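Undergrad: Before we start, here is the structure in question, set down as structure tokens.
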Amino acid sequence: MDIRIGNGYDIHQLVENRPLILGGLKIEHHLGLLGHSDADVLTHAIMDAMLGALSLGDIGLYFPPTDERWAGADSLVLLEQVHGLIQQRGWQLCNIDSVIVAERPKLKPHIPTMRDRIANVLKLEPDQVSIKATTNEKLGPVGREEGIAAYAVTLLQRA
Ligand SMILES: Nc1ccn([C@@H]2O[C@H](COP(=O)(O)O)[C@@H](O)[C@H]2O)c(=O)n1
Ligand SMILES: C[C@@]1(CO)OP(=O)(O)OP(=O)(O)OC[C@H]1O
């Protein structure tokens, strides 16, 4: 089999006195995401999709939330390590498609920079990294701005 698909999902709580980091980009907002790491929910979903494509488990296996080494970790650095695992096994990324579910802030203006940052770490062209945003139409915890969620799908091919 020469292609593999993976999907990833993550959600983090929005709280006061934390930065909002999405796709490696700090976005000005009165709330930020709570987590052991930088809580970059988009990058976490992308890593889980990459690992899932090769049945390699999830990010908690490689970067346990109980391990002080990952306290405040920059998720783009973790992404680079996950990319290394994929490459070591002889695979490369074809493309990523993702969606961030957030009631606020407006993410559209920030998406090109997020795509560039993720693409840069993964040595991809920005057009191989799709990032979309949607609200949750005020429904549920995301709709009440208690958190932000992200979904990602990725396709890998043999290098
Ligand atoms: N946090 C968000 C959410 C959405 N957008 C953009 O707005 C468009 C409309 O969103 P709906 O949930 O009402 O469909 C969406 O297509 C995004 O382009 C955004 O920028 N930031
Ligand atoms: C990368 C890690 C490291 O603690 O980040 P967290 O901020 O704990 O986020 P979560 O998505 O709950 O779990 C993944 C963890 O492995």
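In case you wondered, yes, glycine gets a Cβ from its N, Cα and C as well.
A TrEMBL annotation is a machine prediction, not a hand-curated record.
TrEMBL lists these features:
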DOMAIN    3-156  domain '2-C-methyl-D-erythritol 2,4-cyclodiphosphate synthase'
BINDING   Asp10, Ile11, His12, His36, Ser37, Asp58, Ile59, Gly60, Thr134, Thr135, Asn136, Glu137, Arg144  4-CDP-2-C-methyl-D-erythritol 2-phosphate binding site
BINDING   Asp10, His12, His44  divalent metal cation binding site
SITE      His36  site 'Transition state stabilizer'
SITE      Thr135  site 'Transition state stabilizer'
Undergrad: Name the one residue among His44, Ile59, Arg144 whose Cα is closest in three-dimensional space to that of Thr135 (site 'Transition state stabilizer'); these are the binding-site residues.
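TA: That would be Arg144, the closest of His44, Ile59, Arg144 to Thr135 (site 'Transition state stabilizer').
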Undergrad: Given Asn136 (4-CDP-2-C-methyl-D-erythritol 2-phosphate binding site) and His44 (divalent metal cation binding site), what distance in Å do their CA atoms have, once rounded to a whole number?
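TA: That separation, Cα to Cα, works out to 20 Å.
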Undergrad: Roughly how many Å separate the Cα of Ser37 (4-CDP-2-C-methyl-D-erythritol 2-phosphate binding site) from that of His44 (divalent metal cation binding site), to the nearest whole number?
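TA: Between the alpha carbons of Ser37 (4-CDP-2-C-methyl-D-erythritol 2-phosphate binding site) and His44 (divalent metal cation binding site) there are 10 Å.
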Undergrad: How long is the line from the C-alpha of His44 (divalent metal cation binding site) to the C-alpha of Ile59 (4-CDP-2-C-methyl-D-erythritol 2-phosphate binding site), rounded to the nearest angstrom?
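TA: On Cα coordinates alone, these residues lie 7 Å apart.
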Undergrad: May I ask which of the recorded positions His36, His44, Asn136, Arg144 have a CB within less than 6 Å of any atom of ligand 1, listed in sequence order?
TA: none
Undergrad: I want to verify one value. Collapsing DSSP to three states, which class is Asn136 (4-CDP-2-C-methyl-D-erythritol 2-phosphate binding site)?
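TA: Where Asn136 (4-CDP-2-C-methyl-D-erythritol 2-phosphate binding site) sits, the three-state DSSP reduction gives coil.
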Undergrad: Sequence gap of 6 or more, Cβ distance under 8 Å: name the residues on the same chain that satisfy this around His12 (4-CDP-2-C-methyl-D-erythritol 2-phosphate binding site), in order along the sequence.
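TA: In sequence order, the residues whose Cβ lies under 8 Å from that of His12 (4-CDP-2-C-methyl-D-erythritol 2-phosphate binding site) (at least 6 apart) are Leu33, Leu34, Gly35, Ala39, Val41, Gly147, Ile148.
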Undergrad: Can you list which of the recorded positions Asp10, His44, Thr134, Thr135, Asn136 have their Cβ under 6 Å from some atom of ligand 2?
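TA: Close enough to ligand 2 are Asp10, His44.
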Undergrad: Which one is it: of the recorded positions His36, His44, Arg144, which Cβ has the fewest other Cβ atoms within 10 Å in this structure?
TA: Arg144
